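Okay, so here's the structure we're looking at.
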Amino acid sequence: MSPSTTSKMSLEKMWEEVTCSICLDPMVEPMSIECGHCFCKECIFEVGKNGGSSCPECRQQFLLRNLRPNRHIANMVENLKQIAQNTKKSTQETHCMKHGEKLHLFCEEDGQALCWVCAQSGKHRDHTRVPIEEAAKVYQEKIHVVLEKLRKGKELAEKMEMDLTMQRTDWKRNIDTQKSRIHAEFALQNSLLAQEEQRQLQRLEKDQREYLRLLGKKEAELAEKNQALQELISELERRIRGSELELLQEVRIILERSGSWNLDTLDIDAPDLTSTCPVPGRKKMLRTCWVHITLDRNTANSWLIISKDRRQVRMGDTHQNVSDNKERFSNYPMVLGAQRFSSGKMYWEVDVTQKEAWDLGVCRDSVQRKGQFSLSPENGFWTIWLWQDSYEAGTSPQTTLHIQVPPCQIGIFVDYEAGVVSFYNITDHGSLIYTFSECVFAGPLRPFFNVGFNYSGGNAAPLKLCPLKM
């Protein structure tokens, strides 16, 4: 067997080793799996894209995250392609296209292979010329260095690509888990709300049945007494119409019966229908709209003292040394929040502990600051207040509020687009105090605070903006 035949058979064997058993083509970006078999990157990713799968060669299980680039096979493919290309071009590449002479020198300055005729020409005569073999060796070493750097970069890029693929998979799994958790939490919350609704309705039905039973009992008693009364009236009328002897017969007994008769009052306690209806999770849901409020010193009445963090305000004993600007309230101990709202949902809480008087709510940014005015929606105020032990809403006319548990903290919720301002008694499980609906805001809103006058000395406590508590 001739050397050329042996070389040909060796090349065929090498081509078989670098052929992908999936696509039957030379491997592109060869990747090794746990069992040691190697395949095209795209082919093996297609096999294992749905999770764990088995090797097409030996059926052993493998995972995509354990794939590793096979540089040995990649180099073999590149070398075999280069051999095939060199075999085809060897004749053309070894001789000068211009002179037909063998190329045996290399011009360093021009980076060009030369024959002996080219080397003697004026263009290359004064340039550095080295033998082809020597130049090839030098540049081969340089290319090897560059190749090694590029291969390491490619390996890093492939690893990063695989890491990103795994991150994408992990992220999607985490998102799906979080979605399931959110669905479960809201399903539970809806279930609790439905149960509480049923409990409240059942309690109301029970109160209704008991009240109607008592009314029925009283009606029966009243009918019985009415019948007895009618009989007594008829007896007395008969005696009056009769003879004197008949009139006097047992007259003392009849009069005693008539004098002792009385009609009981309808003393029935009606169910309390003004009591609050607790809604589970209301405070937590409201606090998802929480905004951090601070006080605007430029709007504060000159009697007010505002804390350093601008989260508390109280009535002072003397005027503060402040400028009388157009934003400042002049007649009442009022101050606005620094924040302005023209859209969205907002919620904050105010501590009114130990306060005997206060006003809270929101107002238009453009409200009157000087002189006397009333707090009403017509004047751009949506507020509730405590004054002389009475809670009221600033409607026209004012609305008396029946609050079962005196609040220590008030929650204020604004839905700008819906035109709603609601107040909640945080002390009483977040029960609703009052809601202004269908409000026409017509411009930016600001939080509103009135600490109330301290005539008796019992209203010195500050209004405090509460920190967020989830």
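Positions of Cβ are set from backbone N, Cα and C atoms, glycine also.
Looking up the ranges 96-127, 192-223, 288-319, 320-351 in Swiss-Prot, the one annotated as zinc finger turns out to be 96-127. Within the listed segments 20-59, 420-459, Swiss-Prot records zinc finger for the stretch 20-59. Per DSSP, the zinc finger (20-59) is made up of 8 helix, 9 strand, 23 coil. Panel annotation: around the zinc finger (20-59), residues 66-70, 73-74, 77, 80-81, 158 of the same chain, lying at least six beyond its termini, place a Cβ under 8 Å from a Cβ of the stretch. All protein chains included, His124 (Zn(2+) binding site) registers 17 other Cβ atoms within 10 Å of its own Cβ. Cβ neighbour count within 10 Å across all protein chains ranks Cys118 highest among the binding-site residues Cys96, Cys118. Sorting the zinc finger (96-127) by DSSP state (H, G, I as helix; E, B as strand; all else coil) yields 5 helix, 7 strand, 20 coil.
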